[in-house]
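The block underneath contains the structure these notes are about, expressed in structure tokens.
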Amino acid sequence: MGKVRIGFYALTSCYGCQLQLAMMDELLQLIPNAEIVCWFMIDRDSIEDEKVDIAFIEGSVSTEEEVELVKKIRENAKIVVAVGACAVQGGVQSWSEKPLEELWKKVYGDAKVKFQPKKAEPVSKYIKVDYNIYGCPPEKKDFLYALGTFLIGSWPEDIDYPVCLECRLNGHPCILLEKGEPCLGPVTRAGCNARCPGFGVACIGCRGAIGYDVAWFDSLAKVFKEKGMTKEEIIERMKMFNGHDERVEKMVEKIFSGGEQ
């Protein structure tokens, strides 16, 4: 059996996810079993149009050129993995509700650029994604678990419980109930070991909403409302890393429209 061919690809992002991966000494242990055939951040001579067994994609789709790139990656890869908040949820750059033209003008002014811009969107908007690695940046253990599982021919399990569970297991005081801060732990996918609450900081939801339709934004919005937050403040808070989750505005609106008292 030959080596597993792996490719790392970057779209619109801060490159923090790739940097996190590049700094992992454990990658050297892959050499006997895997071949990295594309990683432009590490090797500028990398060719993106290569057949691979596993493709790891970082960043949100923000240009027409990137739409074509992810489609080509999907054609070439047996398994596609979205890595990090930008690739999985669209990232903080997809948070704003302002018109694209206004945002473009603010960033680039009158400068001419060679690419065609579009609103930042998750990779799954354009191609089938087989597995997600969450976080901003992702946890090293999550990447190693996923990759190691793929290499032995199995499939990694997804995380389906909230940050609150890890918070309780670690014995942290509840940021939401005890400090009264707008913590998103109840609706955010776990896996970070409740790092921010562990330091007394409210979760901002960088790992995205829990899957399987169990992210109850409405229940949390009710708590936020009781603490004096406006509808706009709640939506802004919840959409920071969930800009493309249609449930947010619908569920928050239900609380403020009298749908739930």
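Quick reminder: no glycine exception, Cβ is built from N, Cα and C everywhere.
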- Message: Among Cys38, Cys136, which residue does Swiss-Prot annotate as binding [4Fe-4S] cluster 1 at the site that also has Cys14, Cys17, Cys86?
- Response: Cys136
- Measuring Cα to Cα, tell me the gap between Cys174 ([4Fe-4S] cluster 2 binding site) and Cys14 ([4Fe-4S] cluster 1 binding site) in whole angstrom. 31
- Note on the structure: Rounded Cα distance, in Å, between Cys164 ([4Fe-4S] cluster 2 binding site) and Cys203 ([3Fe-4S] cluster binding site) is 10
- Query: Neighbourhood of the [4Fe-4S] cluster 2 site (Cys164, Cys167, Cys174, Cys183): other residues with Cβ within 8 Å of the Cβ centroid, in order?
  - Reply: Val163, Arg168, His172, Ile175, Leu176, Leu177, Gly185, Pro186, Ala194, Pro197, Cys203
- Message: Can you name every residue in this chain, apart from Cys14, Cys17, Cys86, Cys136, with its Cβ inside 8 Å of the center of the Cβ atoms of the recorded [4Fe-4S] cluster 1 site?
- Response: Ser13, Tyr15, Gly16, Glu58, Gly59, Gly84, Ala85, Ala87, Gly91, Pro137
